[in-house]
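The annotation region 'Disordered' is assigned in TrEMBL to 90-137, 585-607. Per TrEMBL, the feature compositional bias 'Low complexity' maps to 101-131. According to TrEMBL, the feature domain 'MPN' maps to 251-388. The domain 'RanBP2-type' annotation in TrEMBL covers 608-638.
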Amino acid sequence: MSKIKAIMLRVQSPEGTKRVEVSLSSSTCQLFEAVHDTFKLNSFAFELYREKNKKNEITSSKSKTLHTIGIRHGDMIYLTPVNGSVLFNTDNSSGEPIDDSTPSTSSASSSTRPIISSNNSSSSSSRPSNSIKEDEVDLQLMKLDGKIERNRDEKLCRHNANSRCVHCSPLEPYNEAYLREQNIKHLSFHSYLRKMTSGVDRGKFLALEDMSCRIRNGCKDHPPWPKGICSKCQPNAITLNMQAYRHVDNVAFENTNLVEKFLDYWRVTGHQRIGFLYGTYEIHADVPLGIRANIVAIYEPPQESSRDSVRLLPNENENIIEQIVISLGLRRVGWIFTDLLAEDVQKGTVKHTRNIESHFLSAQECIMAGHYQNLYPNSCRYASSGIFGSKFVTVCVTGDKTNQVHMEGYQVSNQCMALVRDNCLIPTKDCPELGYVRESSDRQYVPDVYYKEKDSYGNEVSRLARPLPVEYLLVDVPASTPVAPQRTFNSDPNKQPFPVENRFIDGHIQDFNALSTYLSQFGVGDFHTAINDFHLILYIATMEMLPMREFMGPLLEALKNKDRVAAEEWSRSEHWATVEQLIAASSPPPSRPGSVASGSITASPGNSNGPQWTCPFCTYLNNADNENCEMCNLPRSNRPH
């Protein structure tokens, strides 16, 4: 048998023309591999044609050879990326085509969806799955089968109890008919992953990519923006799609007292309030492969509020609070805010301002939610960058259609996260339901963003997102409280809880007197119950006169493990004994001169009966007959040494 000689082919690509040496007996699959290696492409997301106008496509096959399809020495072959995929190495390249079942005007329009790569080595090298630390709930869901079990149908099933048929076999977690029947609006994220990995390759080439609105760096063919831009570094146009999945399927507050205590500020002042939600992520059994955010505490950061707005202030204790929360086995899982306007104070009703006729979340709130979701990304083994989306949730407390206070949970889509991250989305001035995509300027290039809607004839048309209805960016997340309430903190509901931080109104201020009053409710053997208050723990760790953060490690470990013995042992430490001595010394008698209980008013410095004394702690000048400082309430006898 004569030896078949090698032939030389010319391959023209968007990056130039190169020569590829193959044999006539080589399969077309080997030709694709040779082109991939010659051009050093990121993936196999390309097509080969024998004509420049994308005619006479060469399909990848192991059975067809170059000789059988008529390839000859010196022929020109044309390489074209699939769906505009980035095949060549850049600083911010994805290189994989998008696996999207619906047509789109741009490959970036569905970039929040999983992207399929045909190169195992490229996919595995760009995905640092070994170094990704996924959440515990994600690891648990990965181990579950996830299929929906069905009972034997007595009418339709004609087999014995040990057999299965199409009427009783388990359903996949992404079964649309089952989700529609159970009124589940969105797929869970893990159900979505199962759907994308249900093919023959079992997700071997699955890769998730976040959308990017930035110019790719490193292009040397022209001056940097705004003096030049090309198709290689220019971000693609974006078409917004309703996200089919959600990263969190339910927000559950472990008891109603959490929300009621949060609403107390609005009930007293009429001002709106923002808080951060702390808790854990758990498996949500009501949704196939679902995740629930279980809320156990609400922290209220420093803020200035009014009837219509809230402005967050810098928090100098941010790092200390996060350390304490982590030591307690918790994490920040979301944020909550109020939008309440009283309608009838006597009936306790509120106005129904958020509905389908107005808005559910304003553009500014969507931007805020996107900002927080970018700060707390979701670790994912299928993402080349190691992160994809976020589990951070948004809860709005507002009035429902019956004018009662209720909670609404949301997340913003991954596309909204990208728009916020790249500073492309801004709110409008007078329409809260509309956002606005920035226009390109000398400082920033912004790609065109479109959304689709139906015109008066029922045709689906694309609209430029200037302005943009924010419902294209929202994902609903149900918020609720369980039938059987649970209490991670404040296990005794009959005791008055410790005041909430950063509330500068009468009866809500955290100070040493409030600490003394709170602890006086508990007996000697109730230390674990007394100290198990989230706001009390934060106050003890951050109080200015005697910060205890560096000594609280054993206590936090005891509270995390619910170890009463270890907590009682910590209460006998010298650090807590100092606090107890200060409490005992500063507890005011029932009729202290100048107190409200005695019905008198504190005398002025000029009318004191003796020389004045200066507080060694706060340097306040007190009258001679005061045993405790009028400013910090600390005893006169306890002087620092």
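Easy rule for this one: first residue shown is 1, then count along the chain.
Backbone N, Cα and C atoms are what each Cβ position is placed from, and that goes for glycine too.
Per DSSP, the domain 'MPN' (251-388) is made up of 37 helix, 49 strand, 52 coil. Summarising model confidence by region, the domain 'RanBP2-type' (608-638) averages a pLDDT of 75.
Helix, strand and coil counts under DSSP for the domain 'RanBP2-type' (608-638) come to 0 helix, 6 strand, 25 coil.
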